[in-house]
Amino acid sequence: MSGTVKDIVSKAELDNLRQSGAPVVLHFWASWCDASKQMDQVFSHLATDFPRAHFFRVEAEEHPEISEAYSVAAVPYFVFFKDGKTVDTLEGADPSSLANKVGKVAGSSTSAEPAAPASLGLAAGPTILETVKENAKASLQDRAQPVSTADALKSRLEKLTNSHPVMLFMKGIPEEPRCGFSRKVVDILKEVNVDFGSFDILSDNEVREGLKKFSNWPTFPQLYCNGELLGGADIAIAMHESGELKDAFKDLGITTVGSKESQDEAGKGGGVSSGNTGLSETLRARLEGLVNSKPVMLFMKGRPEEPKCGFSGKVVEILNQEKIEFGSFDILLDDEVRQGLKVYSNWSSYPQLYVKGELMGGSDIVLEMQKSGELKKVLTEKGITGEQSLEDRLKALINSSEVMLFMKGSPDEPKCGFSSKVVKALRGENVSFGSFDILTDEEVRQGIKNFSNWPTFPQLYYKGELIGGCDIIMELSESGDLKATLSE
C-alpha cells in the first residue's frame, strides 16, 4: 500500500475494498468545514505511519448514498473497518482519539498498547497533532459541524432564529461589530435594555447565505423576535425612534432587563376601547371607518405586495394561504392613524388584523389561530367564508405542497413501516415534501380513501395527482425514476 489518502468515488468501490478484509479507515468531510480540513492533515500523516491500512476520504454531501449508509449526520466523521466489518466510528475533531483508533485497527495485532499520539509521522508528529488539536478546539470547540442538506440547514436556521426571544444576526459580535448597521442595532437593543442573542454571519457562510433565502431578506443585520423576522437596521431604527420597538417587545412578552412587569402583563392583548381616551371625535370616527372599511382589514407596515417588516409579511402570507380577501392600510404613510390606532385598539404594535371591525390581534395571535384552525372558524362564524366541504378540504390539503405525503405519523416519527420507507426514499432523493398525519383526523383518513380511490396508506401526491402507495414509490426509487417523476 502506498500510504496515501485516496478519494472514494462510488459506494461499489467502497464495498469492494471493505470486503477485501484489509483494514480501512474512512474520513467523511466537507469543503466548508474547517475541522475537516484540520483533521485531514492528521489523516494524511496517519496514512504514512500505517501503510498496512487503506485510508480513504468521502465528501459527505457529494455522496449521500455512502453518507446515509453509515448514518453520517456531521463532519468530520470517521468509520473504521476490519475483516470486512465496521468495528468503530469517531465523530468530531479529536486527533488523539483518531490516532488511537487507527492504531487499534491497523497496528500490530499483538500490541497491547494503543497508538501513541507521536505516531503521527516522524519527529514532526507531536507538533502537528498539538497544532491541529488547538486549532480545532479554538475554532470549533471540538464539535462536529452538521452536514448541509436542505432540510438540515432549514432545521438549523429555525433553531438559531428561535434560540433567544430576541436574536440578532450581525457582522461581528456585540462587543466588536464589523459594520455600522450592525453596531447601530446593537446600540438600540442596549438602549432599550433588552437581553438578546447574536450570531456572527461572517463566521459561517452557510448560515449567511441560507438565512437570506430563509427570511427572504437579502441584507444584514437581521433582527428576530420569537423566531419571526422583525427587519433590518432601517426598520429597527425607525421603530426605536417612534417608541414602537419597546412596545413590540412588550406585546410579545419580552420584558426589558430590570423591568417589574411580568410576561403575563406584557403579553396582555387589546380590544377596542369604549372610551378611546385621548382621541378626538374626528380621529375616532376616522379610525372606526377604517377598521370597518373591509370585512377583513389589516393595518400593516408596507403593502401586501411589499411588506416592510417580517411580522406584517407573515400575516399577509397567512391570509393568502387561507385565500381570504382583505383590505390593508400602510401605517408608515400616516402617523396620525399609526399612533391613534394604538389607543383606539389598546394594542401598541403592528400589524393589527380586524374582522368586521373587531381586533383579532397581531402576528403571533393570527399565527396561533391559523395553526389551531380557530382563524377559519372565526371567519366562517362571521360569514366571511362559507363552510368548507370535505372535498374542498381534501383538495386544499393535497395541493398544500407540490409533493404531499399522507402517512401514519410524521416524517421524523413514522408510525408504520410503509410510511417510514416512503419518507426514507424521498429524503434519499433530497425531495422536499409536505405531510399530513392521517391518524390525527379520521374524517380526512376515511375521506381521502374515497377521494383517491386508494384504500391504504401512505399515499403520495405530486401537483395534486396521486402517484401511489409504498410499493409504487419503492419501485420508482429502485429504478431511479422517483426524482424525475416528482419534478416533471
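Placed from the backbone N, Cα and C atoms, the Cβ positions cover glycine too.
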| said: Quick check on the annotation: Swiss-Prot has K408, R445, C470, D471 binding glutathione, so which of F329, F433, F436, F457 does it put in that site too? | reply: F457
| request: For each of the binding-site residues (C416, C470), count the other CB atoms lying within 10 A of its CB, then report the residue with the highest count. | output: C470
| query | When you measure from the Cβ of D471 (glutathione binding site), how many other Cβ atoms are you left with inside 10 Å? | reply | 11
| What is the number of residues in the domain 'Glutaredoxin 1' (154-256) that are helix, strand and coil, as DSSP sees it? | 52 helix, 21 strand, 30 coil
| request: Give me the mean pLDDT over the domain 'Thioredoxin' (2-107), rounded to a whole number. | output: 85
| query | Tally of helix, strand and coil residues over the domain 'Glutaredoxin 3' (391-488) according to DSSP? | reply | 48 helix, 21 strand, 29 coil
| DSSP-assigned states of the domain 'Thioredoxin' (2-107) in counts, ordered helix, strand, coil | 43 helix, 30 strand, 33 coil
| By DSSP, how many residues in the domain 'Glutaredoxin 2' (284-386) are helix, how many strand, and how many coil? | 52 helix, 21 strand, 30 coil
